[in-house]
Amino acid sequence: MKVFSGLKVSMVTKTFSPQIIHKANDESAGKSGKRDSIIISDEARARLGNWQERSASMIESLMEKRQKVQEAKSNLVERTLEAGEELSTIKEQLGAFDEQIAEIEGQMSAIEAQKREREQREQEEKQQAAAETQEKSEIEQLTSLLQSVQFLEQINALKQVKVPIENVHRRLKTEMRNDMERGTFIESKAKKIAELAGRMQNLDSEMNNQIRKAKESSNEMNRKVSAEEKQEGSVSESLEN
């Protein structure tokens, strides 16, 4: 989205909330642009990745432990039946095996629940970071747009000041030319013409300065928009993963 081209302003097509406009006005008043945002750091991602590896390792270890308990239970049942005994004779032992299996499965469920909770929390943090990045981008865009509009207003104000000066300057030059054709020269009129020419030159210089600032503001905003679009793409890709 290009906001400024020469002296033409292309309005941002997004609708900004009053809160965003208020923040933008704060920035244009000279406040620092620092904003708190939740960023998922590489270190945090690494810690989560390490925890996921550890939890997977614990789940695998518990599954192996459960398998061994189940095998021990099956072997006990098999030996009992081969000996011609009733399973009721090993009821307490079977109950102990079942308790061990239930305890192991409870530990596995707790780890899985904690894993889901961590993953959900990370997803929520990613979404919040994306939302704050979007809001920051909108505020910066609106701030830059407001600055560009202010530059244009200043340029128009300077033009309005210059117009009557130009008219007087033009009239005096015509009078001066007519005076010289009649063979007369009025020094005060010549000084006034020179003074008005100097004032017009100063106004032109100030207008050019405002135009330069407006273009710089527009270019800076376009760079930020481009960078934000790339960052939003990265965040979206991260959320999808």
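Backbone N, Cα and C define each Cβ position, glycine as well.
TrEMBL labels come from automatic prediction, so no person has curated them.
As annotated by TrEMBL, region 'Disordered' applies to 113-135, 199-241. For 202-211, the entry in TrEMBL reads compositional bias 'Polar residues'. Sequence annotations record features per position, and here TrEMBL assigns compositional bias 'Basic and acidic residues' to 213-232.
Residue counts for the region 'Disordered' (113-135) under DSSP, helix first, then strand, then coil, are 23 helix, 0 strand, 0 coil.
Below 8 angstroms of C-beta separation, residues 7, 151, 154-155, 158-159, 161-162, 165 of the same chain, each at least six residues beyond the ends of the compositional bias 'Polar residues' (202-211), sit close to that stretch.
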